[in-house]
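Noted in TrEMBL for the protein shown:
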- A:15-54: DNA-binding region (DNA_BIND)
- A:G89, A:A90, A:G91, A:N92, A:L93, A:G94: NAD(+) binding site (BINDING)
- A:78-179: domain 'CoA-binding' (DOMAIN)
There are 2 protein chains.
Amino acid sequence: MSKKISMAVIRRLPKYYRYLKELMDKDVNRISSKELSQIIGFTASQIRQDLNNFGGFGQQGYGYNVSELYDEIGKILGLNKEYNTILVGAGNLGQAIANYSGFQKSGFKIKAIFDANPRIIGLKIRDLEVLDVELMEEYVKENDIKIAAICIPKEKAQQVADILVRAGIKGIWNFAPIDLHLPDDVVVENVHLKESLFTLSYLLNENEEATK
Amino acid sequence: MSKKISMAVIRRLPKYYRYLKELMDKDVNRISSKELSQIIGFTASQIRQDLNNFGGFGQQGYGYNVSELYDEIGKILGLNKEYNTILVGAGNLGQAIANYSGFQKSGFKIKAIFDANPRIIGLKIRDLEVLDVELMEEYVKENDIKIAAICIPKEKAQQVADILVRAGIKGIWNFAPIDLHLPDDVVVENVHLKESLFTLSYLLNENEEATK
DNA sequence: TAGATTGTTAATCGATTAACAATC
DNA sequence: TAGATTGTTAATCGATTAACAATC
């Protein structure tokens, strides 16, 4: 088995991907780790180390081919694949997620939307009618659903996650403010907005102290 | 000046805060670092190290008083204060943010909402009418606005940030998929949803490989 | 070929974990 | 007092940075 990649490296990959896209849009087709370091803010050394976890994408004396590297990182991130996705919880945040076309474009196809609230069930979001969450387990089993985005109250999140796992889901994008307990073969990525805001609050205070 | 706290520690604080709240809700009023480590998933040693960055909140032979520690961490995070906040960009995501009462409860009071789109300007969200973004700079200056949440397209994000900085904002909660360039006395916390989703995608693929 | 820049090893730095004396 | 658990120092581990030989 290949060497385990650290989370620190993994979380930098999408940022490389984003900056490389920008360079492509500017018709830059070649970049050195030093140049990239100046625009992305990591050290050149770190950039080379990061990339070499996955392969030798550069060329001595030349640097990296931008579009080639972009494609390679896309593949490493699995963005060349498509994933059948569902959304659970169609409140304000859920609707925002469903309406953002960027996710669909990146290969995360929302196939169905579920909610428990009778006032939301039946609502049309994009071209999808919100379904009763009671139908979720069956739907996931029968439609090869790989990912679920869950935007529901924390009280229900673990219970819904358990059902999803039972139905064969492989990844959960969790917006509920709770740490889910899941088997090892199911991955989770949390978006804890409140924690993010609290971090901002801390930094704000720290900065105030510093400038006193 | 006191020792610089690392981002790793800072990002754990909101999680301590969340778990301590849960313990309070369960009427647990005393906890040892060992017990806490079992429910939160950090080592007991790390918990003690983290907390001792800010003070000796525990007592030998006893552990920590839950509600006391909760309050202390709240203070460290600056959650005992209130911040006048504005929201810029009232699209799907912006509306979701505006409608989430949890932020208001934590002291981040949304005083005004701005957008550039004539079809959104005038719309009512909660009890606030969406204002023309042209009015933003003046509003921030005159109403002691400290924080702005920005949920706008990446093309406009830096420009809006520059105006906000000029108007005296101190913190930006940035949902636009871009790294803002800001002066040192303005703090930023990014919520890059696409990067989060891409991370999930990576983990999903990595997991598939592992189970092959 | 000479110059540039990678890939990779070694050195440094910082964060986490372990250990234990202090003390409630 | 004896037992429990902190606060804190020391040891370990892992991530970042520096250096440089390899090579385009």
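Glycine is treated like the rest: Cβ placed from N, Cα and C.
Look at the Cβ of each of the binding-site residues A:G89, A:G91, A:G94 and count the other Cβ atoms within 10 Å; the largest number goes with A:G89. In sequence order, A:A98, A:I113, A:F114, A:D115, A:I120, A:L123, A:I125, A:V130, A:C151 make up the list of same-chain residues 6 or more apart from A:A90 (NAD(+) binding site) whose Cβ falls under 8 Å from its Cβ. Checking the binding-site residues A:G89, A:A90, A:N92, A:L93 against chain B with a Cβ-Cβ cut-off under 8 Å leaves A:N92, A:L93, in sequence order. Averaged over the domain 'CoA-binding' (A:78-179), the predicted model reaches a pLDDT of 96. Under the three-state DSSP scheme, A:G89 (NAD(+) binding site) falls in the coil class. Per-class residue totals from DSSP over the DNA-binding region (A:15-54), listed helix then strand then coil: 28 helix, 2 strand, 10 coil. Listed in sequence order, A:C151, A:F175 are the same-chain residues six or more apart from A:L93 (NAD(+) binding site) with CB atoms under 8 A from its CB. With DSSP classes pooled into helix, strand and coil, the tally for the domain 'CoA-binding' (A:78-179) is 37 helix, 29 strand, 36 coil.
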